[in-house]
Amino acid sequence: MTPSQRVSAVFAEQFEQQPDLLVRAPGRVNLIGEHTDYNDGFVLPCAIDYETCVAIGLRDDSLVHVIAADYGNQRDLFDLDQPIGHHADQRWSDYIRGVVKYLQERGYPLRGLNLVVSGNVPQGAGLSSSASLEVAIGQAFKEALGLAITQAEIALNGQQAENQFVGCNCGIMDQMISASGKQDHALLLDCRSLETRLIPMPTDLAVLIVNSNVRRGLVDSEYNTRRQQCEAAARHYGVKALRDLDLAALEAGKAGLDEVCYRRARHVVGDNSRTLAAADALAQGDLVRLGELMADSHAAMRDDFEITVPAIDGLVEIIKARIGTEGGVRMTGGGFGGCVVALLHPDKVAEVIAAVDAEYPARFGLKADSYVCRASAGAGKL
């Protein structure tokens, strides 16, 4: 059952009426540009065809009644006329409450809704299931109540909910691509200006995401450490963010900078440059150049930023050996596990998945999950 079918069925069963409308918001995979977003840099994600769906029913009061179809129909009920606080014990509720709270604070006129939520974005895999949920809820209120809110504002509102209400640091990339993606395109995003450029994906290119199923135990604490190291490096160079440096300036001014902070900065500055080059290579269908840039990005994440783990590096090796030079593969997401993303010719997908299924468990004692994706449209009404 798809998420849209599921929310429709659960809505009819639980509220004893049909929903007034449905909305969706996709997950995403970042093709290149890792840990660059909070450094005011560049990223190149695409939305994927895994998504969060919301079935919506209008109410004539100020209550928001939410049912989480994926959590045994757990419920949350809160009143728009009362201060919106945290839920006592349902973490999923806080993503929704945060989105609604900040929509209110931005001055949008809200009223009560019945909502049923379901999604198939793999959780904990670095494919932005949380951003997909935040954007889907923002989209639900926009479509149901006719709010004059832009897709960029829905994204910023979702990011604020995650940073300030849920308490997880994140850049703007995940919400922005979920809100504003376009089918068969990647999105080059300038995380400082929020300017975007749609990059057409070659029609003969498959997007393969492979989840290592490595438990990402360190990711939150290490993410915050990397962020602090990047900020320390920016202070050393006297710039607002690492976005403002190129490799020559980085090298010229490194005297007195802690060696670890220098290597962290070298990855970020390099990945900004690689991301801009990758957008051009993708637009030109130059899979050889794209593969080189993805390989360089992965090596920098492994050696300079130190966010990969042996199983991830092994997955990249297994896949790269099958892809050859026509396409690329790298870890994607925050690090310490999660997924790798590969861009390759469609006729190689089956061979790559077979190699992963045979070699990865033998080397690392883990089974990987593979998802063949298509670059998909951003959030909207179904």
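From the backbone N, Cα and C atoms, a Cβ is placed for every residue, glycine too.
Taken from Swiss-Prot as is:
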{"type": "SITE", "residues": "Arg28", "note": "site 'Transition state stabilizer'"}
{"type": "BINDING", "residues": "Glu34, His35, Thr36, Asp37, Tyr223", "note": "substrate binding site"}
{"type": "BINDING", "residues": "Gly124, Ala125, Gly126, Leu127, Ser128, Ser129, Ser130", "note": "ATP binding site"}
{"type": "BINDING", "residues": "Ser130, Glu162", "note": "Mg(2+) binding site"}
{"type": "ACT_SITE", "residues": "Asp174", "note": "active site, proton acceptor"}
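Of all Cβ atoms in the shown protein chains, 24 besides its own fall within 10 Å of the Cβ of His35 (substrate binding site).
Of all the binding-site residues given, namely His35, Asp37, Glu162, Tyr223, none has its Cα within 10 Å of the Cα of Ser128 (ATP binding site). By the criterion of other Cβ atoms within 10 Å of the residue's own Cβ, the least surrounded of the binding-site residues Thr36, Ser128, Ser129, Ser130 is Ser129.
Among the recorded positions listed here, namely Arg28, Gly124, Gly126, Ser129, Asp174, Asp174 has its C-alpha nearest to that of Thr36 (substrate binding site). Long-range Cβ proximity for Gly124 (ATP binding site), meaning a same-chain Cβ under 8 A and a gap of 6 or more residues, is found for Arg216, Gly338. Listed in sequence order, the binding-site residues from Glu34, His35, Asp37, Glu162, Tyr223 having a Cα within 10 Å of the Cα of Ser129 (ATP binding site) amount to none. In the set Glu34, His35, Tyr223, none of the binding-site residues has a C-alpha within 10 Å of the C-alpha of Arg28 (site 'Transition state stabilizer'). Sequence-ordered, the extra residues of this chain that approach the ATP site, with Cβ no more than 8 Å from the Cβ center of Gly124, Ala125, Gly126, Leu127, Ser128, Ser129, Ser130, are Gly27, Val121, Pro122, Gln123, Gly333, Gly338. Recorded residues His35 (substrate binding site) and Glu162 (Mg(2+) binding site) have their alpha carbons 17 Å apart, per Cα-Cα distance.
In the three-state DSSP assignment, the secondary structure recorded for Tyr223 (substrate binding site) is helix. Around Tyr223 (substrate binding site), a 10 Å sphere centred on its CB holds 20 further CB atoms from the protein chains shown. Neighbour density at the Cβ, taken as the number of other Cβ atoms within 10 Å, is lowest among the binding-site residues Ala125, Leu127 for Ala125.
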